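Right, one structure below, let's go through it.
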Amino acid sequence: MHFLKKMHIKGIISPSLLALYLDTLLMAIGFFMLVPLLSVYFVQYLKWNASLTGLILSISGFTQNSMKFFCGIIADRIGYKNAILIGVIIRSIGFGLYGFVNHPIGFAVAGVLAGLGGALFHPASYAAYAKLSVYYDSKKIYAIREWLSNIGYIIGPIIGMFLLEYNFTIVCLVSMMMFLLSFIVSFFFLPQFVEENDNSLSFGIIAKVLKGDRSFLLFTILTSGIWAIYVQLYLAVPIRTSMLLEDTSVVAYFYMIGAIVMVILQIPVIQWLGNHLDSIQTIACGSLFLGLGLIALGGSVGPKSIAISVIIFTLGQMVTLPAINGTVAQMSTPSLVASYFGFHGLGLAIGGVLGNTVGGLLYDLILNHPHLRWFGWGSFFIYAVVISTLLLLRAHRFQSSTHTSSSD
């Protein structure tokens, strides 16, 4: 990692890391100015039914999550910068295509391209963060990444809604331009990570390494369990709001409150926790806040209490994801960082599917049997306590399996 040592100046973040941050911001703005508006465009402008809309919207996410592991392997073979460049170009083509098709098949093709591009650059981007942050506090580095992503979450939809007043194609083209700008930044300012490329790596070799890394497999299982709670916000808030309020459009404002809280508090909270807790303790603490936020949501009686429960849940989100990503980076075999992130991402995707499925059953139970409300909402909190306890019991095992090359 001699190129990192050359560019490192004590107390100053490297230009390459700043470029990666700019990449993250551009991608987040480009993503959130288009993707949240797709359902609006499909339903209000194209007059699609909910089933067709849901099917088309799921294609991009399914493609990205199902291909992450394999694309992570590709990134370890061809280099992180090359994977980011190729992935960004593919996604930009997919996002641009959304603006020039009007048939479900065309939108499905655009979704596949957008998802495939994300599958290529996502593990590679996290691996690049891992390599560029070895001289810094990795939790803080990943916290800044999530902070920038949340800025995009706030700014993107505002830009998208403004452009949608003129033309949906313009939204798609501007979103595409954001990813093309990211390509330019990556091309000129990201290093090649030459020593990380290993063209001798095969799927069989990588699978064997991962299979033998039992600590990482256990960590992936437990954090996938946390992810099952993490994804509940987008189901739980609309359902609870529909039970309490007549105007469900306020759901968007609850999400906006959560994003603003995250932008304001994430970095100082992560910095404070970094001085008091290790990564596993931080993840366990975040898991408890996720469960606490859900049980608080179950006890909410109006807009204010819903907003408070969303803030509690957001506190869990803001500390959990950076700590998880930092731990994955530390546990990864140095030459297989993207593969580790890809495999872990696949685990999170499975956890998300299971969480949405089981969560949906619990919400149906709550809606159909109001007297069992506390059983349903309480189940999430009890589950969070169990997952947090298991993490803490295995903390020493996870910490002892970190690879020194990721932190020295």
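Glycine residues also receive a Cβ, built from the backbone N, Cα and C atoms like all the rest.
Copied over from TrEMBL, here are the features:
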DOMAIN    16-403  domain 'Major facilitator superfamily (MFS) profile'
TRANSMEM  20-42  transmembrane segment
TRANSMEM  48-71  transmembrane segment
TRANSMEM  83-101  transmembrane segment
TRANSMEM  107-129  transmembrane segment
TRANSMEM  141-162  transmembrane segment
TRANSMEM  168-194  transmembrane segment
TRANSMEM  215-233  transmembrane segment
TRANSMEM  253-273  transmembrane segment
TRANSMEM  280-299  transmembrane segment
TRANSMEM  305-324  transmembrane segment
TRANSMEM  336-354  transmembrane segment
TRANSMEM  374-393  transmembrane segment
- Contacting positions for the transmembrane segment (215-233) when only residues 6+ beyond its ends and CB under 8 Å are counted: 255, 258, 283, 286-287, 290-291, 293-294, 310, 313, 316-317, 320-321, 324, 327-328, 331-332, 340, 343-344, 347-348, 350-352, 354-356, 358-359, 380, 383-384, 387, 390-391, 394, 397-398, 400-401
- With the greatest number of Cβ pairs under 8 Å to the transmembrane segment (48-71), the stretch among 141-162, 305-324, 336-354, 374-393 is 336-354
- Message: Do any residues, 6 or more residues outside the transmembrane segment (253-273), come within under 8 Å Cβ-to-Cβ of it, and if so which ones?
- Response: 139-140, 143-144, 146-147, 150-151, 153-154, 233, 237, 241, 282, 285, 306-307, 310-311, 313-315, 317-319, 322
- Task: With pairs restricted to those 6 or more apart in sequence, evaluate whether the transmembrane segment (141-162) and the transmembrane segment (305-324) have 3+ C-beta pairs under 8 Å.
- Result: yes
- Query: Same chain, outside the transmembrane segment (374-393) by at least 6, Cβ under 8 Å from its Cβ: which residues?
  - Reply: 222, 225-226, 228-229, 232, 280-281, 283-285, 287-288, 290-292, 294-295, 297-299, 359, 362-363, 365-366
- pLDDT averaged over the residues of the domain 'Major facilitator superfamily (MFS) profile' (16-403): 87
